[in-house]
Structures are given as C-alpha cells and as structure tokens.
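The structure under discussion appears below in the form of structure tokens.
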Amino acid sequence: MNLTLEQIQDFKGRYPKQIWSLFFSEMWERFCFYGMRGMLVFFMISQLKFGDEQANLQYGATQAFVYAFTFVGGLFADKILGFRKSLFWGGLLMITGSLILAANPHDFFFLGISFTVVGTGFFKPNISTMVGKLYRAGDSRTDAGFSLFYAGINLGALLGGYICIAIGKGEMFSKLIPETLRWNIAFGLAAVVMVISLVNFIFTQRRLGPIGLMPQQVSADGSVQVQPKWKVYGTYLLTLLFVPLIMVMVSVPQYTDYFMYTVGPLTLIYLFYEMSKVNASERKKLWAALVFIMFSIIFWGIYEQSGGSLSIFAAKNLNKDLLGLDPNGVNNSGGAFFIIFLAPIIGLLWIWLSKRRLEPNTLIKFGLGFIFLGAGYYVLFATRFFADLQGITSLNIFTIALLVITFGELCLSPIGLSIMTKLSTEKLQGMMMGLWFLASAYGQYVAGIIGAGMATAQEGSTNMDAMLTYTEGYRQLGIYAVIAGLVLIAISPLVKKLMQDVR
Ligand code: GLN
C-alpha cells in the first residue's frame, strides 16, 4: 500500500485515517511518560528518602530537561534521522529507561530517568510534526486534527498518571502483586505500554507514504543522496552520551538554573542562523512562530501552577464537596478528564465554523486561550468567597476553575502544535516543534519560581492566611493572563502580516 502524499492529504471527511494510529501511539507514549512522571516525587520521598524540597527540585529539573530535549530530538530528525526513525529511537530509549527502573528503581533511578528524558525528546516533537504532515497547507481541518490528537495525549496522561502510581502505592492490584515488587511492576508497566506504542507505529508506517522518511540531500546535478550510515549511527551514539550528562545535570538542582540560562539563548542564536538561510517570506513566518512560542511561555508559566502551588492549595484548603473526591486527585487529573471530552468537540466546532467562514484565526484562538486562562484564575481567586473560618473552601468551585482553564488550554496548546507545522519551512519542522516544547520547559521553570514565591509568602501561617495569600496570587496571575491576551490581540495586525497566507 504505497500511498503518495497527495493521496493521504486528499482525504474525505473530517479526519485523515492515519491520525488514529498516531493518536494511539502518542496515547501510549503519554501513558508511559505521565505514568513515570506521576511516580517521581512520591518515589523519591517515600523510597529514596529525599526531603520534600530536594524531591521537588529534582522533579523540576527532570521536567526542564525532558522538554529541552525536544529541541535536540526535533533538530536531529530534520537533519539526519527523519521523523519516523527519531520517534522509533526515542521510543526504544523510553523502553530502556522504564526497564531499568523496573529492574532496580532504587539503585538506578537517575539512570532510568535519564534514558526516558532523552527518549521523550526524540519521540514527542516528531510524532506531533507527523500529524501536521497529514494535511495539505491551508486545509481548514488541521486544527480539528490536532485537537483530536490532543485528546489522545490526555487519555494516555490520565490513565498512566492514575494507574502507575496506584500500583506503586499498593492501591491497585495489591492482592496480585507482592509488596516488594509493586514499584518494579509500576515502572515495568510504563515499559509495556511503550512497546505497544511502537508496535502500533510499525503498523502505522505502512500507511504514511513518504511522511517522516529520512531527509535526502539533492546535489547540484539533481542526484539524490541518502544519509550516510555514519551520520545515523553517530546520532544514536551521541544520544547515548547524553544519558550520563543528564544524570549529572539532574542530580544537582543548581545546574538546571545554569542550563536554563544558557540553553534558551543558544537555541535562539541557532534559530537566527537557520533563519538567515531561508527566503524573506519564510523568515517572516518563522518570526511569527517565535511570537507564538514566546507567548506560550507566559501561558505555561501561569497554567503549570497545577503541579506546584495548586497541589499544595488543594491539599490544605479544599474540602471534598465534589462527590467526595480527593482534591489532589481532581487537581491532577481533572484537566485531562475534561480535555478527553471537550477536545474533539471543540475540534469539530472549528470545522463547523470554518464551513460558515466564521472560524477564528490562530491569533484569536491564542488570545481566547489567555482570556479563558485568566478567567479560570479569577475563579480560583473567587474560591475565597466560599471559604469557612478555617480557610477551607469548595472543591466544586475549584473544579469549575479547572474547566475554564481547560478551555484556555484547548484554544492554545493543540493550536500551537498546528501552527508550528504551518509556519515552519519544510526543513525546520522538527526543530520548530522542538522549540515549541522547549518553551513549555521555560513555562514550567517560571511556574516553579512563581509557585515557590507564593509558598514562601505563606510559610508558618494559618490555613486561612495561606488561603488568602494563594487566592490573591491567583488573582494576580489572572490579570497577567488577561493582559497577555490583550497584548496579543493588540499586536495581531503585525503578526498577521508576518504569517502572510497562514491563518
Ligand atoms: N499536556 C500536553 C502534553 O503532554 C502539553 C505539554 C506541553 O506543551 N507542555 O503534550
């Protein structure tokens, strides 16, 4: 079944068939990733006997490196491996990482984590880029496709995030699994689902036509040259050398700061170098992509309070008035739960609006993303009006805030993936997608700093004081989000010019 690109992109209906296969591969990969991520802090504290602060700092470092490596993964995909080989290599590294953790999580913890970090860098951006390749330039169904794909991401995140740690802690299958093996099985499950992801991808490949094959070089005389083998194997080898490097970097939290200070400027310099090699129209589009990337840092900086300050807020200041559910469980998985249902619906809404020529363009969607985010944080602020005298407030209202924030995420995150594929030149697709995720790394980093600021402000205070401090912090973040949205709308004529024919 050798399909051409035209045959793939000329699909009828709402979605290209291949998107389902990419959906499932990404779903299992996210299961593995969020499964592991969800266990990190708990495992470090309960099993490795780290202090809270150290565990949190090391968790933050892993997150920063994971998303920073997407840039490396995207770059090597563009230059040498192509998307398919990169994805496959990344998947194998993730399996290796999870197997190491399954075999001996106590002694080889950071080794396993480092494999997973590098592996994710190679897998994550490149599967997203392939989704974009299923669409012809200007196809108004693209954002809907990415929204569907985003539902897959969150389905995996929800299942993995819930099941792995539940097995590790003995809350699930505790009769079947002996106590001493719980963590091994939990990490092992991450490896198993990653195998499913890759097996699924092997079957998918047949229907991807030329999408994601290795880049070829065309010489001046028109002859096509395939990548020399040494470059491919050299890349694999280099990747393996990154593993010990990351182990060292993750082990000293301070290194993350140095890393974050240097890696951003360096990648920008590299991007400017690449931009100097393209034509003026392509360069303008890359500038526009950079504007979206920069705004996404602000978005994630505010949004990612969920892993930090909001989890403390949930633990200390929320009751269980929502079906008796645990507030931290709701904070961790509420967003993903909403997305699974809402993402496909919002995707279909974009298609429906586009048929009536009413679909908002990317700038407006991003602007809406910020406004929903801001509104959501205002709802978080409003939880203070439902608090009792002990500073305990309503989980119901908190959940409404999550829902509003989720609308914001759906206007920005899948749309961001989509616009990266539309604004990048053919040869820079992987790198730009990597840069999009690198921005999330910065967002998480900023989020950590904001959250730590709020936590210090309320140290040693009563529950009531803490509640007031946190909600005031959320009000301020809400204002920043709305301001960012307004700035984006204000500069939209300029960005529109840069985007040219892209919407
Ligand atoms: N939650 C999404 C994912 O896992 C978005 C991540 C991000 O860009 N920070 O893919």
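Quick reminder: no glycine exception, Cβ is built from N, Cα and C everywhere.
Feature annotation from TrEMBL assigns transmembrane segment to 31-51 (among others). Residues of the same chain lying 6 or more positions beyond the ends of the transmembrane segment (31-51) and with a Cβ under 8 Å from any Cβ of it are 58-59, 62-63, 66, 94, 97-98, 101, 105-106, 109, 113, 116, 120, 124, 156-165, 168-169, 183, 186-187, 189-191, 193-194, 197, 332.
The transmembrane segment feature in TrEMBL is assigned to 57-77 (among others).
According to TrEMBL, the transmembrane segment annotation covers 86-103 (among others).
Feature annotation from TrEMBL assigns transmembrane segment to 109-127 (among others).
The transmembrane segment annotation in TrEMBL covers 148-168 (among others).
The annotation transmembrane segment is assigned in TrEMBL to 180-203 (among others).
Residues or ranges marked as transmembrane segment in TrEMBL: 233-252 (among others).
Note on the transmembrane segment (258-274): residues 64-65, 68, 71, 249, 286, 290, 428, 431, 435, 438, 441-442, 445 of its chain, located 6 or more positions outside it, place their CB under 8 angstroms from a CB of the stretch. Feature annotation from TrEMBL assigns transmembrane segment to 258-274 (among others).
The annotation transmembrane segment is assigned in TrEMBL to 335-354 (among others).
The transmembrane segment feature in TrEMBL is assigned to 392-412 (among others).
Taken from TrEMBL, the feature transmembrane segment applies to 433-457 (among others). Long-range contacts of the transmembrane segment (433-457) within its own chain (CB-CB distance under 8 A, at least 6 residues past either end) are made by residues 60, 63-68, 70-75, 121, 124-126, 128-129, 256, 260, 263-264, 267, 271, 289, 292-294, 296-305, 307-309, 312, 416-417, 420-421, 424, 469-470, 473, 477.
Note on the transmembrane segment (477-495): residues 288, 291, 295, 298-299, 302, 305, 363-364, 366-371, 373-378, 380-381, 408, 450 of its chain, located 6 or more positions outside it, place their CB under 8 angstroms from a CB of the stretch. Annotated transmembrane segment per TrEMBL: 477-495 (among others), in sequence order.
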Where among 57-77, 180-203, 335-354, 392-412 do we find the most Cβ pairs under 8 Å to the transmembrane segment (233-252)? 57-77
The answer for the transmembrane segment (335-354), taking Cβ pairs under 8 Å and residues 6+ beyond its ends, is 14, 140-141, 143-148, 150-151, 154-155, 157-158, 161, 306, 360, 402-403, 405-407, 409-411, 414
Same-chain residues at least 6 beyond the ends of the transmembrane segment (109-127) whose Cβ lies under 8 Å from its Cβ atoms: 22, 25-26, 29, 32-33, 36, 40, 43-44, 48, 62, 65-66, 68-74, 76-77, 83-84, 86-87, 89-101, 187, 212, 239, 242-244, 246-247, 250-251, 430, 433-434, 436-437
For the transmembrane segment (180-203) against the transmembrane segment (57-77), do we get 3 or more Cβ-Cβ pairs below 8 Å once near-sequence pairs (under 6 apart) are dropped? no
